[in-house]
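Structure first, then comments.
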Amino acid sequence: MSGGKRRDGGRRESPGAGNRDSLAGGRKRQGGRAVNGQANNRGRQDRFASGREGRSGGAPSSLAGVPVAVGQSVACDIIGLTHDGEGVGRVEGYTLFVRGALPGERVRAEVGSIGKSFGRAWMTELLEVGESENKGEGEKIRVTPPCPIYEDCGGCQLQHLAYAEQLKWKREHVVNNLRRIGKVAVAGAEGAVAAGDGTLDGRPEAVVHPTIGMSEPWRYRNKAQVPIGSAGGNLVGGFYEKGSHEIVEMGACLIQVEENEKTVRIVKEAARLLDIPPYSRESGRGLLRHVVVRHARTTGQRMVVLVTNGRDIPRGEELVALLRESVPGIASICQNIQTAETSVVFGDETRTLWGEDVIYDEIGGIQFAISPRSFFQVNPEQTVQLYRKAVEYAGLTGEETVIDAYCGIGTISLFLARHAKRVYGVEIIPEAIEDARRNAALNDIRNAEFAVGPAEVVMPRWQAEGIAPDVIVVDPPRKGCDPALISTMLELRPARIVYVSCDPATLARDLKLLEDGGYRTVEVQPVDMFPHTGHVECCVLLVRK
Ligand SMILES: C[S@@+](CC[C@H](N)C(=O)[O-])C[C@H]1O[C@@H](n2cnc3c(N)ncnc32)[C@H](O)[C@@H]1O
């Protein structure tokens, strides 16, 4: 498989890489090395033009009171990093988000767009390298991204940041959100008064532990969701270019398990061979929209889901036969029908074209059946760490009643059930609850029961039925918990709440509500479920005051 297309005709230098002395000894001159080719800059400028804040084409290139203009080359100090991996720069007090720059560096950047409160730019030269607090031999902040398509692909944001620094940054990102949005008293937080007795500004401190990372942070994803389109009349499938909906052909993805890479390649080749028309976002025509593949690490089973813009697949039987013949370990071939003009991947209807309607995997000694649309954590190695932490924070003795809200296919519920008297799981996707029930039976777990529906509706019903949980576990999607659910949790008054979150900002917002409602944040464990991306997962323990 070929690598993705490059705009700059080759791998861009990763400035600072290899300059060990300078990292240990603070800032050093780099001699103004150029890092971006002109062609690439133009591509970036196009993308900036579509940004919300400011314009690079058509609109004014300067604004009253803004110290930089579009197209201007400026030197700036980088003082932070956004979760999109952009360096936060300052020019005369004005904020510039600088793509490619890292905290502690001084860079030259070309301004792509400006607005009243901030602008966007891309780094053209590294002027001074940053300083690492990890001063071990050979440790660097900036490293050369190993992925050949990193600069163009929107999937990873932090490959140019050394892995140890990523873990450190993720913890800081969590701390900052808890402090700024959640007003949580975090041990070691700036601006608060630590009394040295475990209190901060008179409040007990929450401890945010170092991020649990991976020893080998590559090839971890067990699920690939690949958009399909066409380029030059050919079917392509790969990734959305950074900041756009243009689909670029991709051969390799270094955070995917190789099995998924191979499965996707076979599906694309088969679709080309059989002339299955790719979907076009612009016209709304064509058939194949997405190829979703999963690989179960412990059983080796593979699943293919063809997301199509309609029910009929021309030469569908031949396609299934080709996949059965060519994909090792294939256990399930499904079709999901999505005809809406939307960026939502799955439609409501899924049917099995061949094999089982699920594949099976195992985490921490528990078996799980996984359906095409069910949520299943994508990094199995780190999932064990996360779930063990959730069980530890739940502090179970075997006598407790536990509610697991947003339970998916019952993963956390079944981990908890081994240590609790009774577990109630609730989840909005019916197939996921079917899986959860099947999974409980598969593992002979009889003290867990599951309900379908919005957690914010089902929990008050349980409350009315007299279910009184000792512990509530929540693991909501990125938008966090529904306010009605938080209110019910506060009324139910469990001794402990364990909050598993994939978004530190919404987590912090919800912790504030829970703290205001009588709970105290005790411990926060960040877990790196998604190395090289800006995402971080957290497991949080709250206790009733
Ligand atoms: C981050 S996943 C967690 C799943 C599960 N705890 C796990 O670890 O596999 C969030 C889950 O919440 C479900 N969900 C989203 N909104 C919901 C709601 N209002 N009520 C119940 N479940 C919801 C999603 O379908 C998804 O399965």
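Just so it is clear, glycine is given a Cβ too, placed from its N, Cα and C backbone atoms.
Keep in mind it's a predicted model, so treat the numbers as computed, not measured.
The active site feature in TrEMBL is assigned to Cys502. Among the features that TrEMBL reports, active site, nucleophile is placed at Cys502. Per TrEMBL, S-adenosyl-L-methionine binding site is recorded for Gln377, Tyr406, Glu427, Asp475. Among the features that TrEMBL reports, compositional bias 'Basic and acidic residues' is placed at 1-14, 43-55. The domain 'TRAM' annotation in TrEMBL covers 67-125. What TrEMBL lists as region 'Disordered' is 1-64.
Feature map: annotations from TrEMBL on the structure.
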residue : record                               : Cβ within 10 Å
Gln377  : S-adenosyl-L-methionine binding site : 20
Tyr406  : S-adenosyl-L-methionine binding site : 22
Glu427  : S-adenosyl-L-methionine binding site : 28
Asp475  : S-adenosyl-L-methionine binding site : 26
Cys502  : active site                          : 18
Worksheet, complete the sentence: Taking the centre of the Cβ atoms of Gln377, Tyr406, Glu427, Asp475 as the S-adenosyl-L-methionine site, the remaining residues of that chain with Cβ inside 8 Å are Phe375, Asp404, Cys407, Gly408, Thr411, Ile412, Pro476, Val500
Discussion item. Check the DSSP secondary structure of Tyr406 (S-adenosyl-L-methionine binding site), expressed as helix, strand or coil.
Written reply: coil
Item to complete: Give the residue counts of the domain 'TRAM' (67-125) per reduced DSSP state, in the order helix, strand, coil.
Response: 0 helix, 38 strand, 21 coil
Worksheet entry | Glu427 (S-adenosyl-L-methionine binding site) to Cys502 (active site) - Cα separation in whole Å | 17
Fill in: Pairwise Cα distance maximum in Å, S-adenosyl-L-methionine-binding residues per record: Gln377, Tyr406, Glu427, Asp475
15
Fill in: Residue from Gln377, Tyr406, Asp475 whose C-alpha is spatially nearest that of Cys502 (active site), among the binding-site residues
Asp475
Discussion item. DSSP secondary structure for the residue listed as 'active site', reduced to helix/strand/coil, please.
Written reply: coil
Practice prompt. Using DSSP with the three-state reduction, classify Asp475 (S-adenosyl-L-methionine binding site) as helix, strand or coil.
Written response: coil
